[in-house]
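The structure appears right after this line, and notes come after that.
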Amino acid sequence: MATRAVARRKSAAGETSGSATSVRANGGELADRDLVGMYLDEIARTPLLDAAKEVELSQTIEAGVFARQVLEGYEETGADATREELQALIDESERAKDVFIRSNLRLVVAVARRYPRSGLPLLDLIQEGNAGLVRAVEKFDYRKGFKFSTYATWWIRQAITRSIADQSRTIRLPVHLVEELGRIRRVQREFNREHGREPEPAEIAAELGSTPERVTDVLDWARDPVSLNMSVDDEGETQFGDLLEDTSAVSPEQSVLTLLRSEELDDLIGRLDPRTASIIKMRYGIDDGRERTLTEVGKEHGLTRERIRQIEKHALLELKKLARDTGFEAAA
């Protein structure tokens, strides 16, 4: 849903990116650090939200979404509220969304800083992460009792890692191939919008007056050869291969750590042994909203990264089993 709040956020992010590009040409990495410092000073002026305020803002946003739906079908629904009243709810919703976003911009910076070797400037990662934050605010369901910071981290990380995966080409194509690739991409987008699926090479070729073999060749040439073992995070734990989409992965709402209401999750984790419970809480930021790396958790418990990974995997399976046995999963 396109909103004025989103537009303002994208506009602000674009201005930051444009300024960064200009200054980088003259000051390089030092200028980037200066811009990040200025940005942090600016966003630090907005206070953080407590859980009650998050719920209040979410309710206001939800009311605005409903009001927009009513307003769009105003003549058919015969709504009791006037157009002016509905528009007032929409405007208030946009203001609430803007406050929600601004109050969590520091979370985006914290996540973006985990990828210093991604090949992208920190400001660019922050800009992509901000888009993920906007998505999180729009999708957040306060009724499930989750901490917003934990929920939003998933969306922020998704936006950033996808940006890393789409980073600048390592192989430069000739201009005529770039133009041909652009035409192919345009047909792909239009076909997908019209038919709801990706076109086959033969369907693209028919539209462009080309051959399926030529379309396949151009798409193959356009692929970037990137090492799957390339490290992209500060601790060296995340490799490029880890960023590739898992088509079998569940959405954040379906995850075992977000499906359950917070009080039920606390109850389930309390059934694990103390060490395992502590590891799960640290890994997923359940107590303070800050997710720890395998290395950090390992140091805290005097265990290796691999051992922490094994304990975490076993614990998640145990939590799923407990959720089924207790009926929490069905109630979520």
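Easy rule for this one: first residue shown is 1, then count along the chain.
In case you wondered, yes, glycine gets a Cβ from its N, Cα and C as well.
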40-53, 54-67, 124-137 - the range that Swiss-Prot marks as motif 'Polymerase core binding': 124-137
Where Swiss-Prot places DNA-binding region among the ranges 74-93, 274-293, 294-313: 294-313
Candidate ranges 1-25, 201-225 [criterion: Swiss-Prot lists as region 'Disordered']: 1-25
Helix, strand and coil totals (DSSP H, G, I; E, B; other) for the DNA-binding region (294-313): 17 helix, 0 strand, 3 coil
